[in-house]
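Only one structure is covered here, and it is reproduced in the block below.
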């Protein structure tokens, strides 16, 4: 591909993640976006446990049963001349590590907030990560079809709790049973609720008001809306694209994903204002531009058994620069070895199509036979490239894991190896006895691991809790196995690095007092 062609293709890419607290309606809005992208013909009510409909983005068996997202799905489609890459992320807090890594692979984020509840705990956590990255954040205030909090309070909360300016792109005319429509400040029109096609749009005059002949003008809620708009115009934040690009201001859209109200307006604005792929920093201190003709990418996720019939593993890579071509040779930075990328795919949750070419900003799945690790960099060219490390969390909960049937050791070990490589749970082995210990950020990760071991590898496992522990790594040169005591457990991680699992903070303090020269470290 010629340089000008590459630049043109890269400029079409819009790659973003959707973040929210559980049940704010993230999966529902994802489905509506796919509907506009022409990818699906109908959007089911997403809690599949009751309706029998399953969200397109919830593809794993346990997700369908429980109505929660526990993996990051990737969905791609074309819309208005742009190539959209959506990364749907787990809303459940136990899967925040997977979500954090996903946020490293996007150029923007969409924050979905339940307008009845406002900003919730998980949204706060995820917002922090997006804020640290300095990428644009677009806010969708969802569930307008239900009674919720005052819109002015919701805008104020963005500033008070998250420290980001909010600019209302549209404004609700009523809510719940009294919802009449949306006042569109950008397109200077009113979008009526429960109307189809262009009939739902009413133009505003130069004063920002409807023609007096319109029935809505007789409604007191319309008058209240005009007062709110006047207040926003006089005392609210001014739209500032520079601030939006820096992640200092968020455009706020109101709507209802369930009734598909306000979603199309949101998508059109998002495509218009969201950034195209930008440069990415390297460990060497430089940065790689997306229009650099030499291919480079990084692995942000590994997923086993997306197709249970084939027991496959897919490494999800974000292309940072250049053009991907199936069959190309690349260098894996961690090993220095050259490898050929023959098998590649693009996604719609669990369905996939072979992809022959892709460019910077795209997400590609590579069939993995065990070569890749999360955070790996692959590249072409003479100059070695390694992108910045992805975040890794220190687990807080630990269990000892054994196979229930000792005759099924082979499937037990295969399942352990593949699921641990996905990064949702961490694997440790005790010194001398080589017992398997699993670590996780939350209890749900263990439940998902147990479920998948049984259903995907036919290996029933016994998990014995060893409680909440504090994990601290130690320099191998300073390690003496006599340091292990009843207050700590000496283990090694999958890289062979030693660490102690302390019973509590007192045990860690006792250790620090006894061995003042020993340095212990945590992950994130």
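Every residue gets a Cβ built from N, Cα and C, even glycine.
Noted in Swiss-Prot for the protein shown:
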- 11-278: domain 'tr-type G' (DOMAIN)
- 20-27, 88-92, 142-145: GTP binding site (BINDING)
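Known features from Swiss-Prot, placed on the structure.
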{"residue": "20", "record": "GTP binding site", "CB count, 10 Å": "23"}
{"residue": "23", "record": "GTP binding site", "CB count, 10 Å": "16"}
{"residue": "26", "record": "GTP binding site", "CB count, 10 Å": "27"}
{"residue": "89", "record": "GTP binding site", "CB count, 10 Å": "28"}
{"residue": "144", "record": "GTP binding site", "CB count, 10 Å": "26"}
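Taken residue by residue with DSSP, residue 20 (GTP binding site) is part of a strand. Per-residue pLDDT, averaged along the domain 'tr-type G' (11-278), amounts to 86 for this model.
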